[in-house]
Amino acid sequence: MPIGIPKVAYRIPGEAVSTYVDVYNRLYRERILFLGEDLDDEVANQLIGVMVFLNSEDDTKGIFFYINSPGGSMNAGLGVYDMIQHVNVDVTTICMGLAASMASFILAGGTPGQRLMFPHARVMLHQPMGGNGGKAKYMVEESVEVKRLRELIAHLYVKRTGQSLEKIRKDMNRDNFMRPRQAKEYGLIDHMVTNVNELDELDKQSNDLKKLGKVNLTNIETSNKSELK
(Lines of atoms letter the chains of each structure in order from A and count residues from 1; the text may use other names and numbers.)
(Lines give C-alpha, C1' and ligand atoms only; values in the text may rest on other atoms or scores of the structure.)
Protein backbone atom coordinates (compact mmCIF):
# COMPACT_ATOMS: atom_id res chain seq x y z
CA MET A 1 0.00 0.00 0.00
CA PRO A 2 1.57 3.33 -1.04
CA ILE A 3 2.34 5.73 1.78
CA GLY A 4 1.95 8.85 -0.38
CA ILE A 5 4.13 11.94 -0.34
CA PRO A 6 5.03 12.91 3.24
CA LYS A 7 4.09 16.34 4.59
CA VAL A 8 6.56 18.54 6.46
CA ALA A 9 6.21 21.82 8.34
CA TYR A 10 7.31 24.97 6.53
CA ARG A 11 7.02 28.61 7.55
CA ILE A 12 6.70 30.99 4.62
CA PRO A 13 8.98 34.02 5.10
CA GLY A 14 6.95 36.81 6.70
CA GLU A 15 4.31 34.45 8.09
CA ALA A 16 3.99 33.81 11.83
CA VAL A 17 2.58 30.28 11.59
CA SER A 18 4.01 27.24 9.84
CA THR A 19 1.97 25.29 7.33
CA TYR A 20 2.33 21.71 6.12
CA VAL A 21 3.47 21.14 2.54
CA ASP A 22 4.61 18.00 0.72
CA VAL A 23 8.32 17.26 1.08
CA TYR A 24 9.13 18.13 -2.55
CA ASN A 25 7.67 21.63 -2.22
CA ARG A 26 9.71 22.05 0.95
CA LEU A 27 12.86 20.99 -0.87
CA TYR A 28 12.12 23.34 -3.77
CA ARG A 29 12.13 26.20 -1.27
CA GLU A 30 15.62 25.05 -0.25
CA ARG A 31 16.66 25.11 -3.94
CA ILE A 32 16.81 21.32 -4.20
CA LEU A 33 15.31 19.59 -7.26
CA PHE A 34 14.70 15.90 -7.93
CA LEU A 35 14.40 14.00 -11.19
CA GLY A 36 13.34 10.57 -9.96
CA GLU A 37 11.19 9.22 -12.80
CA ASP A 38 10.89 8.95 -16.57
CA LEU A 39 11.54 12.31 -18.19
CA ASP A 40 8.54 13.47 -20.24
CA ASP A 41 7.25 16.91 -21.20
CA GLU A 42 5.20 17.30 -18.01
CA VAL A 43 8.11 16.47 -15.70
CA ALA A 44 10.48 18.66 -17.76
CA ASN A 45 8.10 21.62 -17.64
CA GLN A 46 7.82 21.34 -13.85
CA LEU A 47 11.61 21.30 -13.44
CA ILE A 48 12.06 24.17 -15.90
CA GLY A 49 9.39 26.23 -14.14
CA VAL A 50 11.00 25.74 -10.73
CA MET A 51 14.44 26.70 -12.09
CA VAL A 52 13.04 29.87 -13.64
CA PHE A 53 11.33 30.77 -10.35
CA LEU A 54 14.40 30.09 -8.20
CA ASN A 55 16.64 32.06 -10.55
CA SER A 56 14.29 35.06 -10.51
CA GLU A 57 13.82 34.84 -6.74
CA ASP A 58 17.55 34.90 -5.95
CA ASP A 59 20.25 34.78 -8.62
CA THR A 60 23.09 34.49 -6.09
CA LYS A 61 22.27 31.06 -4.62
CA GLY A 62 22.91 27.83 -6.50
CA ILE A 63 20.53 24.96 -7.23
CA PHE A 64 21.15 21.32 -6.30
CA PHE A 65 19.68 18.91 -8.87
CA TYR A 66 19.49 15.23 -7.79
CA ILE A 67 19.03 12.67 -10.57
CA ASN A 68 17.85 9.04 -10.40
CA SER A 69 16.14 8.44 -13.73
CA PRO A 70 16.10 6.02 -16.69
CA GLY A 71 15.89 9.02 -19.02
CA GLY A 72 13.13 9.92 -21.44
CA SER A 73 12.37 12.00 -24.50
CA MET A 74 15.00 14.06 -26.29
CA ASN A 75 12.84 17.19 -26.46
CA ALA A 76 12.18 17.12 -22.71
CA GLY A 77 15.85 16.50 -21.94
CA LEU A 78 17.04 19.28 -24.22
CA GLY A 79 14.59 21.66 -22.57
CA VAL A 80 15.96 20.93 -19.10
CA TYR A 81 19.56 21.06 -20.37
CA ASP A 82 19.03 24.44 -22.02
CA MET A 83 17.44 25.88 -18.88
CA ILE A 84 20.43 24.76 -16.79
CA GLN A 85 22.65 26.71 -19.18
CA HIS A 86 20.24 29.67 -19.22
CA VAL A 87 19.88 30.43 -15.51
CA ASN A 88 22.41 32.76 -13.89
CA VAL A 89 22.99 30.52 -10.87
CA ASP A 90 25.20 27.45 -10.62
CA VAL A 91 23.36 24.15 -11.00
CA THR A 92 25.06 21.27 -9.18
CA THR A 93 23.94 17.97 -10.73
CA ILE A 94 24.17 14.87 -8.53
CA CYS A 95 23.67 11.30 -9.74
CA MET A 96 22.23 8.88 -7.19
CA GLY A 97 21.20 5.40 -8.27
CA LEU A 98 21.13 5.69 -12.07
CA ALA A 99 21.27 8.48 -14.61
CA ALA A 100 20.59 6.84 -17.97
CA SER A 101 20.11 8.13 -21.50
CA MET A 102 18.82 11.74 -21.39
CA ALA A 103 19.27 11.76 -17.60
CA SER A 104 23.03 11.27 -18.10
CA PHE A 105 22.92 14.13 -20.62
CA ILE A 106 21.35 16.41 -17.99
CA LEU A 107 23.92 15.24 -15.42
CA ALA A 108 26.75 16.21 -17.78
CA GLY A 109 25.07 19.58 -18.36
CA GLY A 110 25.58 20.79 -14.80
CA THR A 111 27.92 23.63 -13.92
CA PRO A 112 31.54 22.58 -14.68
CA GLY A 113 33.26 21.43 -11.50
CA GLN A 114 29.89 20.67 -9.86
CA ARG A 115 28.77 17.49 -11.64
CA LEU A 116 28.78 14.79 -8.98
CA MET A 117 28.05 11.11 -8.34
CA PHE A 118 27.55 9.05 -5.23
CA PRO A 119 29.90 6.03 -4.83
CA HIS A 120 27.45 3.32 -5.92
CA ALA A 121 25.62 5.28 -8.61
CA ARG A 122 25.85 4.53 -12.33
CA VAL A 123 25.46 6.48 -15.52
CA MET A 124 24.42 4.95 -18.82
CA LEU A 125 25.09 6.42 -22.23
CA HIS A 126 23.10 5.29 -25.29
CA GLN A 127 20.97 6.54 -28.16
CA PRO A 128 18.11 8.61 -26.69
CA MET A 129 14.62 7.63 -27.77
CA GLY A 130 12.63 9.39 -30.46
CA GLY A 131 8.95 9.38 -31.38
CA ASN A 132 6.17 6.83 -31.10
CA GLY A 133 5.29 6.11 -34.70
CA GLY A 134 2.36 7.08 -36.92
CA LYS A 135 1.63 7.36 -40.65
CA ALA A 136 4.52 6.37 -42.91
CA LYS A 137 5.03 9.88 -44.33
CA TYR A 138 5.23 11.45 -40.89
CA MET A 139 7.39 8.59 -39.58
CA VAL A 140 9.97 9.33 -42.31
CA GLU A 141 9.92 13.05 -41.49
CA GLU A 142 10.19 12.30 -37.79
CA SER A 143 13.04 9.86 -38.42
CA VAL A 144 15.03 12.64 -40.10
CA GLU A 145 14.37 14.96 -37.15
CA VAL A 146 15.29 12.24 -34.63
CA LYS A 147 18.61 11.70 -36.41
CA ARG A 148 19.24 15.45 -36.35
CA LEU A 149 18.52 15.65 -32.63
CA ARG A 150 20.73 12.65 -31.89
CA GLU A 151 23.57 14.31 -33.78
CA LEU A 152 22.98 17.54 -31.83
CA ILE A 153 23.11 15.64 -28.54
CA ALA A 154 26.32 13.88 -29.62
CA HIS A 155 27.94 17.26 -30.32
CA LEU A 156 26.81 18.56 -26.92
CA TYR A 157 28.33 15.49 -25.24
CA VAL A 158 31.58 16.36 -27.02
CA LYS A 159 31.39 19.87 -25.58
CA ARG A 160 30.63 18.68 -22.05
CA THR A 161 33.07 15.74 -21.87
CA GLY A 162 35.99 16.62 -24.14
CA GLN A 163 35.69 13.28 -25.93
CA SER A 164 35.91 13.08 -29.71
CA LEU A 165 32.74 13.03 -31.80
CA GLU A 166 33.69 9.62 -33.21
CA LYS A 167 34.01 8.12 -29.72
CA ILE A 168 30.73 9.64 -28.54
CA ARG A 169 28.90 8.26 -31.59
CA LYS A 170 30.41 4.82 -31.03
CA ASP A 171 29.61 4.78 -27.31
CA MET A 172 26.03 5.90 -27.94
CA ASN A 173 25.37 2.92 -30.21
CA ARG A 174 25.00 0.56 -27.25
CA ASP A 175 24.14 0.66 -23.55
CA ASN A 176 27.34 1.97 -21.99
CA PHE A 177 27.32 1.80 -18.18
CA MET A 178 29.90 3.64 -16.08
CA ARG A 179 30.77 3.79 -12.40
CA PRO A 180 31.92 7.07 -10.83
CA ARG A 181 35.62 6.62 -11.63
CA GLN A 182 34.87 5.75 -15.26
CA ALA A 183 32.36 8.60 -15.58
CA LYS A 184 34.93 11.06 -14.23
CA GLU A 185 37.62 9.83 -16.64
CA TYR A 186 35.11 10.10 -19.47
CA GLY A 187 34.24 13.68 -18.52
CA LEU A 188 30.58 13.16 -17.62
CA ILE A 189 31.18 14.18 -13.98
CA ASP A 190 33.81 16.08 -12.00
CA HIS A 191 33.77 14.47 -8.55
CA MET A 192 32.54 11.47 -6.58
CA VAL A 193 31.05 12.46 -3.21
CA THR A 194 30.15 10.33 -0.21
CA ASN A 195 28.25 12.72 2.08
CA VAL A 196 26.43 16.03 2.28
CA ASN A 197 29.40 17.78 3.90
CA GLU A 198 31.35 17.33 0.68
CA LEU A 199 28.53 19.00 -1.25
CA ASP A 200 28.66 21.96 1.15
CA GLU A 201 32.44 22.22 0.74
CA LEU A 202 32.19 22.18 -3.07
CA ASP A 203 29.50 24.86 -2.89
CA LYS A 204 31.74 26.99 -0.64
CA GLN A 205 34.69 26.57 -3.01
CA SER A 206 32.51 27.65 -5.93
CA ASN A 207 31.37 30.77 -4.07
CA ASP A 208 34.98 31.58 -3.12
CA LEU A 209 36.04 31.31 -6.77
CA LYS A 210 33.21 33.63 -7.80
CA LYS A 211 34.27 36.19 -5.19
CA LEU A 212 37.88 35.90 -6.36
CA GLY A 213 36.77 36.46 -9.94
CA LYS A 214 34.86 39.60 -8.94
CA VAL A 215 37.87 40.92 -7.00
CA ASN A 216 40.18 40.30 -9.96
CA LEU A 217 37.73 41.99 -12.31
CA THR A 218 37.51 45.01 -9.98
CA ASN A 219 41.30 45.22 -9.85
CA ILE A 220 41.51 45.12 -13.64
CA GLU A 221 38.89 47.86 -14.00
CA THR A 222 40.68 50.02 -11.38
CA SER A 223 44.01 49.49 -13.14
CA ASN A 224 42.53 50.42 -16.51
CA LYS A 225 41.02 53.62 -15.07
CA SER A 226 44.40 54.57 -13.55
CA GLU A 227 46.12 54.09 -16.90
CA LEU A 228 43.59 56.33 -18.62
CA LYS A 229 44.19 59.24 -16.20
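Yeah, the Cβs are placed from backbone N, Cα and C, and that goes for glycine too.
From a predicted model like this one, the values you see are computed outputs, not experimental measurements.
Under the heading active site, nucleophile, Swiss-Prot lists Ser101. Taken from Swiss-Prot, the feature active site covers His126.
In this structure the C-alpha atoms belonging to the residue listed as 'active site, nucleophile' and His126 (active site) are separated by 6 Å. Neighbour list (the residue listed as 'active site', Cβ cut-off 8 Å, at least 6 residues apart, same chain): Ala100, Ser101, Met172, Asn173, Arg174, Asp175, Asn176. Around the residue listed as 'active site, nucleophile', taking its Cβ as the centre, 27 other Cβ atoms fall within 10 Å, counting all chains.
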